[in-house]
Amino acid sequence: MVRDIEDEIRDEKNPRPLDEDDIALLKTYGLGPYSAPIKKVEKEIKDLAKKINDLCGIKESDTGLAPPSQWDLVSDKQMMQEEQPLQVARCTKIISPNTEDAKYVINVKQIAKFVVGLGDKVSPTDIEEGMRVGVDRNKYQIQIPLPPKIDPSVTMMTVEEKPDVTYNDVGGCKEQIEKMREVVELPMLHPEKFVKLGIDPPKGVLCYGPPGTGKTLLARAVANRTDACFIRVIGSELVQKYVGEGARMVRELFQMARSKKACIVFFDEVDAIGGARFDDGVGGDNEVQRTMLEIVNQLDGFDARGNIKVLMATNRPDTLDPALLRPGRLDRKVEFGLPDLESRTQIFKIHTRTMNCERDIRFELLARLCPNSTGADIRSVCTEAGMYAIRARRKTVTEKDFLDAVNKVIKGYQKFSATPKYMVYN
């Protein structure tokens with residue numbers, strides 16, 4: 001007993017040093033299970049804060065710039081000299097092409113014409129006569145080729161976001177959908193079928209019929225279905241104030257379409273610019289006729305159209321110019337007539353697909369109560385039925401709401417309907 005006490009006193013006076021295992025064990029005291037990830041994140045935050053402070057410069061400075069001792073004026077000046085702004089010019093002629101001594105005649109707008117050479121970064125095969133180029137401001141050497149100039153209003157006609165309309169949303173147009181897909185989708189997806197038969201695929205479609213029968217809706221479904229570039233043009237957009245502006249927009253439109261791998265151009269309300277030519281003695285419609293003639297030339301003129309499909313929609317096919325309607329320009333004419341009983345029933349089911357309706361609604365009965373109605377009229381009936389349910393503070397639409405809506409829209413608005421008049425034109 002006394003000996004053990006003496007050994008403990010001796011150990012306290014002469015403690016033994018800690019080895020590596022003891023030190024590692026002591027470091028783990030007070031640490032949780034997520035200590036290592038937390039330390040790693042704290043280190044990353046600290047490094048990021050240091051990087052931000054270095055980029056921000058001096059906080060006390062009004063400009064936020066680094067101190068003058070850290071400025072590198074020589075490298076900044078060299079960088080400015082290397083990245084000089086270029087001037088836009090047009091290459092009008094190539095002298096001695098395909099040789100080492102080739103020279104290029106450029107026209108700098110509002111300055112002069114120059115005979116220049118190529119820069120170090122440009123290949124001779126990249127430059128063609130008539131194209132826009134970027135030249136430096138000192139020697140006017142060609143530095144880069146530029147794309148053709150296109151009006152921003154023409155560029156904005158391209159549909160970037162695909163519409164959310166599919167072929168299943170177009171009711172009562174089964175035959176029209178098949179004809180449209182044969183012209184648009186089949187040549188793009190299976191061109192070898194036309195090559196084996198030795199025929200050219202149809203390149204244009206004219207959709208005509210009364211208002212509200214689904215012409216524009218089907219074009220939106222085509223834009224959703226295909227991966228080709230889709231350009232939508234409203235006829236009135238091409239009617240410009242100044243002489244030659246509309247024809248220029250048409251040329252730039254087809255020039256942009258030819259630059260794409262595959263393109264679909266949809267002219268909505270084409271009767272605004274495609275009317276038959278006549279002389280009113282005043283000359284007020286001369287500009288519209290020039291625009292129409294440019295479209296006729298682009299559709300099937302001296303230059304090939306390329307892989308461009310053209311869709312046109314109108315309510316008045318009788319007013320269009322015969323030169324616009326001939327085969328080769330518009331190969332197929334698709335009529336959008338009034339839907340029959342089965343088609344009207346299908347349209348009712350399409351428009352009520354997202355509505356909270358009772359299950360026992362007789363859509364065929366509603367379709368029988370809407371004779372000679374278009375798809376737009378049926379959609380208006382569905383919307384009005386929902387309004388009746390909202391007025392009654394109900395969460396579901398009943399069949400009585402649809403019957404009241406039919407009585408209001410189909411019978412009450414009959415005097416505003418222009419369908420009989422347009423049926424005469426079509």
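Using the three backbone atoms N, Cα and C, a Cβ is placed for every residue, glycine included.
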By the record in Swiss-Prot, which of LYS40, LYS333, LYS400 is the one labelled ubiquitin cross-link?
LYS400
May I ask which residues of the same chain, at least 6 positions away in sequence, place their Cβ under 8 angstroms from the Cβ of LYS215 (ATP binding site)?
CYS207, TYR208, GLY209, ALA313, PHE336
In this structure, which of the binding-site residues GLY209, PRO211, GLY212, GLY214 has the fewest other Cβ atoms within 10 Å of its Cβ?
PRO211
Please list, in sequence order, every residue of the chain apart from GLY209, PRO210, PRO211, GLY212, THR213, GLY214, LYS215, THR216 whose Cβ lies within 8 Å of the Cβ centroid of the ATP site.
LEU217, ALA313, ASN315, PHE336, THR374, GLY375, ALA376
Per DSSP, to which secondary structure element type does GLY214 (ATP binding site) belong, with helix, strand and coil as the options?
coil
Which of these binding-site residues has the least crowded Cβ, counting other Cβ atoms within 10 Å: THR213, THR216?
THR216
